[in-house]
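Q: The structure is given below, and queries will be raised subsequently.
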């Protein structure tokens, strides 16, 4: 039975420790007949972060000299592998007596209910039952066990037997049969008995796969100028702009401010392109004939391979390109092909290899390397992740009038995406698959998501269906201790219009291995992104647009793989909707700011209590400390840093023991109003009715009004500081300038220790010597003018 509804206990939203039996465990003992576990601190196989799963593998290679049907005079052979109630079939070949199948079948040992493995060779018939040709039978007790990383088992020829197994028949079949684990290299491509019900193209979507993101480049096109621009209307000079297109990305230059046949722009247009370069750069020069009409003047199409690749900020050579002319063919007839002056455009274009093309949010970036491989540094560590299982998943669809879930897990780090196999019809799937990534920067994040597979074949609607999201987990590598194995169960939380919902739990085991501690320490003093991002940065709006285009390209390219990693999966993993407005997220960010300043506020409250003598003992001790620091001023900075050292050591006892996970309270996911959630999941542009949109618009206006007031107050305080010396208020500036002169003379003749002592004693004076009215400096500052007077 699966878990029902949303749990009420807050602990269900938290991380849990697990204790899985990780590592290699073999039925016939470990190394040299040990006690069952491989007798070493760390297992020799790469599969030491997952629980062991056993499979019976059957590799069907080929057949030879097969018997033909005496009626048809031919043989259309295929092989059927039968183990208990499970049957797997190879493809069939028409009219071939020496076929080659090269297929692997895997049967889960937990579900084996037979002591005999039967391999049948059959002849496919178009009408009626397929003919029996021969069989080979294996006793399960005689099947050898292969221990990875041993080499694969060599297949052997077996003579076919008749139906009763009493005599041999004509024909041989080459087979290899062994017992192995999920660490076997045959595992990813094998036909699995767990997925026996999947038909057609759906067979490919249930297997585990590794994907590589396309190599992304920034294409910088500097449109400098054009010459000999002509328009059909000879009576007036053209006023033109340039439109550039790469795939679905369209950018325009500004309209040339003057009417001329030689317009000048000198504008940069930035695009995202992916290798292999399938799109072309299409440039069109258009004339603004009227406010509502643009005339095409000329066009040029340039393949991206014509542009050089730049690895630094050195200048790139500019080039002139002739445009194909538009609008003159009907009038000039055959004169189109005569040699004449053509409109030319002056470009400086290059593919930027020294930037990192962001296809994910910088908050959750998993890769910071530049595009050009020549600029990559050596890896500083290895990340190994064991995707063990999921527990208590909720049903995601109905199949044959019963609720079910076909779950698979996707992990993304750097350029490498991995997808586990799909476990059919299970609310507690066990994958036990392990993957490895090279780490180039520890301040990066790996993202794992669990999805329900809706593309298993056998249904006409499956092509249009979308794989529904079950939940997501993020792990920041810099929060992990090196060489430690973490085994945790992560809650899979999804925010829906009905509220926060726990969809189940994902059990993971992971380890971050450090290859070079010196390199990690070196990286902490360097910028996160390549230096070109800081020498020649993009604007914030440019980065947002380019990231959105990069995500679209990655989703499109991975969607063309076989099997495809679908668009909805890639977008969820890359947080495509993170920039959308959300009342809940705005509240969460506001309270994050409040908690950020809580330490400063508590410190100021403590100082206020000391200065008002709420606790006389503390106030006396602060007076003593003040006198010590005045007598020995050289102790001030050492004392401050010593206190920070002691606080750091004290906090070491309370350091977090688990990697951070989604905090539902911090996200305001539990307290979100239903209408706020409905607004967050609304489409863009909105699909709601007019009265709902008006209500939400008014709410945003009220929130924006409060933000506007706060920002205005901050600007006012800053402008008052500026007006101290700007003579905007002549009397106030005169008073301040004279005061500055008096203070300068006083500080010159008075020892600095005495100044600090008097200031400290004045601040710490007893309440009976205080006035309840604001101080003179505060009154003076609040009377200073700000530029708010000049605002409409």
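In case you wondered, yes, glycine gets a Cβ from its N, Cα and C as well.
So TrEMBL lists these for the protein:
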- 37-158: domain 'C2' (DOMAIN)
- 198-321: domain 'C2' (DOMAIN)
- 364-490: domain 'C2' (DOMAIN)
- 508-525: transmembrane segment (TRANSMEM)
- 590-608: transmembrane segment (TRANSMEM)
- 620-652: transmembrane segment (TRANSMEM)
- 735-764: transmembrane segment (TRANSMEM)
Q: Taking DSSP states H, G and I as helix and E and B as strand, how many residues of the domain 'C2' (198-321) are helix, strand and coil?
A: 7 helix, 66 strand, 51 coil
Q: As a quick check of your reading of DSSP, tell me how many residues in the domain 'C2' (37-158) are helical, how many are strand and how many are coil.
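A: Helix (H, G, I), strand (E, B), coil: 6 helix, 53 strand, 63 coil.
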Q: Where does the mean pLDDT land for the domain 'C2' (364-490)?
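A: Result for the domain 'C2' (364-490): average pLDDT 88.
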Q: What residues in the same chain, six or more past the boundaries of the transmembrane segment (620-652), come closer than 8 Å to it by Cβ-Cβ distance?
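A: Non-local partners: 610, 752-753, 756-757, 760-761, 764.
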Q: Where DSSP helix means H, G or I and strand means E or B, what are the helix, strand and coil counts for the domain 'C2' (364-490)?
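A: Secondary-structure breakdown of the domain 'C2' (364-490): 11 helix, 63 strand, 53 coil.
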